Every structure is written in structure tokens, then in C-alpha cells.
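Accompanying notes for the structure given below.
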Amino acid sequence: MAMVCLTDFEEYAKEHLSKATWDYYAAGADECCTRDDNLLAYKRIRLRPRILRDVSVSDTRTTVQGTEISFPVGIAPTAFHCLAWHEGEVATARATEALNTCYITSTYSTCSVEEIVAAAPNGYRWFQLYVYRDRKLSEQIVHRVEGLGYKALVLTVDVPYTGKRRNDIRNQFKLPPHLKVKNFDGLYHMLSQQETAGPEEYGIPANTLDPSISWKDIHWLQSITRLPVIIKGILTKEDAELAVEHGVQGIIVSNHGGRQLDGGPASIDALSEIVDTVQGRIEVYVDGGIRTGSDVLKALALGAKCVFIGRPAVWGLAYKGEEGVREVLQILNDEFRLSMALSGCRNVAEINRNLIQFSKL
Ligand SMILES: Cc1cc2nc3c(=O)[nH]c(=O)nc-3n(C[C@H](O)[C@H](O)[C@H](O)COP(=O)(O)O)c2cc1C
Ligand SMILES: CCCCCCC(=O)C(=O)O
């Protein structure tokens, strides 16, 4: 079967994964309004292409946090890659290394960070972090990934509690016994001894994330690390301003793929107010609903420095492991290059808001 666009991978994954795994990856919270709007919002945006600009040569390279990547699409943190492909995150890491882009490893990876780094030693990676009730556990993980050469910490702030994903409840979804969140090997006792730890959620002791985290914890995190801190899950200009004031180095505008608060905005619809507030003081990225190269172009035109894809990477894994993720990234790269050329842009510096037809928004 020729894979032509990202939805081909989605269809393949839906057909070949078990129902419970597919439902977990596809899940949105409650009625999935925000999950679905993430995609629809891109389709509402119209472009204003420029012509006759000699687009015979094009350059998709950009930088994130001062490091060059081959094109402005990275992999968002998603949990449990071994559910989709036996090599799990190791395959994802190899694919992103090969394509020279950024891979944000989830705390809840089913390969350990050590295995991931050993498999793709030259890859450019950030580590996604949650704050646990037991700060010592978060601290241990931070120091471990620093030592392994991760280049930034991505603190996810939209999961004080897990969103209500109806099919996961119906399926009683949990990680099968042969898989583990390997980063907790030898640390599970710290999780399960936390005061409020209850029955397992997804195979992880429940209530271990700290819902009391607040802006003061950003200072705590900065005090225990020398890595740049990027906050993932901001959707308003007010929080964007606070993020800048608290000295973080980046923001990922995200609603967690619509898996947390249902009824919040599509992430692309939240981007502009955040970009306008931040005024270039720190880098702003976006994830959620990116499925085509023209989606990438629209996000950059609205001010994102780079975008991240969540589910499509997992569909690529389900298709053919490392090769599947490479294909997903390559298709997005090719589509992005074509959209750039068709709208008269020769490089990412030429992409700006003039490309967006605001009267149609
Ligand atoms: C199956 C799945 C697992 C996820 N796991 C995590 C995670 O461990 N940490 C995190 O910060 N975000 C997680 N996310 C959210 C993604 O990082 C990202 O925000 C979202 O998938 C982007 O939307 P997209 O799937 O439409 O590209 C997960 C999303 C999915 C679909
Ligand atoms: C106990 C929390 C499990 C969350 C798993 C990873 C995630 O963020 C997701 O959206 O799924």
C-alpha cells in the first residue's frame, strides 16, 4: 500500500492495532470537541500565496533553542510507544535522529531514557517531565536526563488530573503486564509509597502527579537544573506572560491533543494571542492537529517557531516502526516544502502573517 499522506497511516493503525490501544491513542476527553477542533481549525484558515518569486531553491531548516533542525516539525511527547511497535521509543529516536529533528521523550516511555540515547546517540532530544508529589523522584529523573545529554526539559502543566477519556474507562485500559514505564525501574517504590497513591491508572500508580503545582514550582525546577525549561500546555496570553516573567525559555501552545479539558480552544486558535504577548522574548511552539505540510506553514505564519506532532508519529510506528516514523516525517517535510514554494516562500524566514487571510478567520 502506498502511503501518500498522514491519514493513510492513521487508517493503517486503526486497522492493525488492538481496539484498546487504538482507543487510547485516539482518545480525546469527554465529547472530543477540542480534539476534533484541533484539526478543523487548520482547515478554516486560508492562505494568501505570493507568486513569481523564484522558488527553484528552498530551504526548510530552522533552529530551536539555538540548535539547527532540518525542518520545523518535531515529535511531541506521547506515552507507551511499545504498544504500537515492539522497539517502541528506540525506533522513534532513530527516526528523528535520521531526519535531524527534535524528539521530546515522554516520561511515560516504555523504553528507558538510557536505551533511547544508546540507540540514537546523535539525536537531538528534549525530555518531558511531570512533577510528582515526591519532588525527589522528579529531581532524580531530571539529573538522569541531564547526564544523558537531553537538551531541554518540557514541563507538562495541563495534567493536574488525567482527563476523562470515555473509551479508556470502558476498555479499562492499562499497560499490558509485559510492558513497563521503564524510567521508573527501581523507582516504583517511590511512586507507590506516595501518600495518596491509589489503584493504578493506565498501569501507573494513581494520584502520583502533584495537582498542587503552581508557578513557584517553576523556580524550584530552575533551581535543580541547568537545562532550559519549556512549558507545555499554555493556551492564554495571561499564562504566556507569566511564563515569560518566570524566566522559562519556551512555550508549547497545546491542549494535550484534546485529551484533558474538553471545550478549550483549538491550539492553533490560541497561538496568535500568545505570540502577540510574548513579542519574541522566548520561542513559542504549537502542537495539536497538525496533519499536513500546509498546517505547518499556517502555524509558522501565525508565529510558531516549530510545530510538534503527537498521534501521527505513533501511527508511523504502528505501520513500520522506525521506517514508518521516518516516512511520516518525510511526507510532512515534502508537503511543507511544496506549500512553502506554492505560497512564494524560499525559506522559513520568509514565512510571516502576511500569508494568512484574516478576513476568513
Ligand atoms: C497517546 C498519547 C499519549 C500522550 N502522552 C503524553 C505524555 O506522556 N506527555 C505529554 O506531555 N503529552 C502527552 N500527549 C500529548 C501530546 O504531547 C501532544 O500534545 C498531542 O498529541 C498533540 O496532538 P496531536 O496528537 O493531534 O498531534 C499524548 C498524546 C497522545 C495522543
Ligand atoms: C497517569 C497519567 C497517565 C498519562 C499518560 C500519558 C498522557 O499524557 C496521555 O495523554 O495519555
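Yeah, the Cβs are placed from backbone N, Cα and C, and that goes for glycine too.
For the glyoxylate site that TrEMBL gives as Tyr24, His256, Arg259, the extra residue drawn from Arg125, Arg165, Arg353 is Arg165. The 10 Å shell around the Cβ of Arg165 (glyoxylate binding site) contains 24 further Cβ atoms across the protein chains shown. Contacts of Ser254 (FMN binding site) defined by a Cβ separation under 8 A and a same-chain sequence distance of 6+ are given as Ala76, Asp158, Lys232, Gly233, Ile234, Leu235, Ser267, Val286, Asp287, Gly288, in order along the sequence. Among the recorded positions Gln128, Arg165, His256, Gly310, the residues whose Cβ lies under 6 Å from any atom of ligand 1 are, in sequence order, Gln128, His256, Gly310. Other residues of the same chain near the glyoxylate site, with their Cβ within 8 Å of the Cβ centroid of Tyr24, Arg165, His256, Arg259, are Ala27, Gly28, Ala29, Thr162, Gly163, Asp168, Gly257, Gly258, Gln260. Among the binding-site residues Pro77, Ala79, Gln128, Arg259, Gly310, the residues whose Cβ sits under 6 Å from any atom of ligand 2 are Ala79, Arg259.
Cβ-based crowding with a 10 Å cutoff singles out Gly288 as the top-ranked of the binding-site residues Pro77, Gly288, Gly310. Its Cβ taken as reference, Tyr24 (glyoxylate binding site) is surrounded by 23 other Cβ atoms within 10 Å in the chains shown.
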